[in-house]
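For reference, the structure discussed in these notes is given below.
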């Protein structure tokens, strides 16, 4: 019999479930629900005071604080990278609408994450302190919620410190925290998992409706940030049936559902609703969502994820992160580390089965979670890429929480449980083993967390963004700011037009300049961002198509002002028509490329001028319409613009001036030496 027997058998379930109900009645007091607000507040204050003096609470809080300090160390070395830029760019380019919130990003339906990105893009664009600080607060909330869950399940006991330490020190949760776009999925999901479990346990024990609503709200919170939350109702049902409601498996499943049918139906409706919304938005995935995996790749991913990455990360490894990518190190452990991890896990499983026969339920729950929540979605989403995906710990980061919970459930009876099958080992020996194992896992996990910071290269991206931020603070009013790709170590080339500076760097600028970056217009001078982040003058790229006048003529030939030239128009936003011309008075130029038609004003330029005109059409031929009597086109190019300088233009100018001064000084010195030699020759004669 366990703590769920009474409500299952009693007709007045809500009263029988409420903790403290009978005790209050025996003392002649009102039940907890009937207490006045002032007395309830006083009770909460007293409880908080006792908690602050409780050594178990203090040790648990210390674990959380130390783990947060290590994570802060990691975040100081991290910075925005890859999808982080895409999320900020999407948020800045799009108004807050339902379509924006429900568009899939790399196969993820995450309206809550998009909302948070939208808020930050409008208030603190590319502010790492604000972005990472928000995730750190949610991570702290998740750790606190796990502590509360363990306390709720097992009561006040020193034994809950072990699983709490396993979770807070787990290196599996660190790489995903350091990559902001990944943290937007994983960290709120961890918080939602802990809260939904906590409030489901309280609801099943007390029958208080508010806990049912709170559990449903936590599940909805998880779904707002991560697609994995669609499986949260299944996890809640499994925990309830395996550990909270008495009975033999599988009959206990029906008993669990039957006793709280409205609650479980509501949970199921949340999952069904999320699934229907996800399927309805598949068209917004752009080919980056779910797809049929390659069998060979799928097997490779599963072997690495479940056979190496998770076991090594669960016990505190890998200490050394390799290989290193733009988002940090992966978890590709040596064979010795894998063998040691599996030996430790196998020993933990066997020891728990020797102590508690029902421990198999906890390990079955963990295996089921890894397969259903982590492995299958990853294979569906990434199974057509490469097996090395399995070395990425972010795909099993959420399993660290479930592992800690299952570790506790394997060894500890839940509160009020009467487990006659439990064997009690010698207390002193068991305590020594538990303390030693917990300390070892915590130490190794902390070392792995600290080492992960060395695999991050946030300084490079931070310098690039800081430079770009300064560059857009003062932009000449007459200059056009034209797009080009950001460096590949910031956003990979396969992201296409989404990696252009017009999409990613516009949030850094003031509203007026922001629009000029996002939608460039014809201008008399051109600026582009170089790979160092500086906004510098631009010139036609080497691959641009060039058109000039016939031999012995000054102006390009036209037929009544119209000319057609062959080009490779791809529809890229980087396509710019550059026209060098002379004109005694202002005139117009029209350009047609595919479905795109652009008109540009050409100011009078009797001594010659240049005009840059974006033409984003697609087609094999561009047509220009001009006034042949007013305009002389000296030369025309069509293509992307390149920066005239690759580094700091001011430093290069200074270096050039210093070189020029040095040459001048050397020439003067040589001239003086020559004069001296001539004077010596005259004196000798």
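From the backbone N, Cα and C atoms, a Cβ is placed for every residue, glycine too.
The transmembrane segment annotation in TrEMBL falls on one of the ranges 293-313, 314-334, 335-355, namely 335-355. Taking TrEMBL as the reference, the stretch among 128-151, 200-223, 464-487, 488-511 described by the feature transmembrane segment is residues 128-151.
As stated in TrEMBL, the feature transmembrane segment covers range 362-383 out of the listed 98-119, 362-383, 516-537. Counting C-beta pairs under 8 angstroms (sequence separation of 6 or more), the transmembrane segment (128-151) fails to reach the transmembrane segment (335-355), with fewer than 3 such pairs. Residues of the same chain lying 6 or more positions beyond the ends of the transmembrane segment (395-412) and with a Cβ under 8 Å from any Cβ of it are 142, 146, 149-150, 153-154, 157, 159-160, 162-164, 166-167, 170, 172-173, 175-176, 186, 189-190, 193-194, 197, 228, 235, 239, 242-243, 305, 309-310, 313-314, 348-349, 352, 355-356, 359, 361-363, 365-366, 369-370, 373-374, 378, 382, 389. In this chain, the transmembrane segment (362-383) lies close to the transmembrane segment (235-254): three or more C-beta pairs between them fall below 8 angstroms, excluding pairs fewer than 6 positions apart.
Taking every listed stretch (56-75, 235-254, 432-453) in turn, the largest tally of C-beta pairs under 8 A with the transmembrane segment (158-180) is reached by 432-453.
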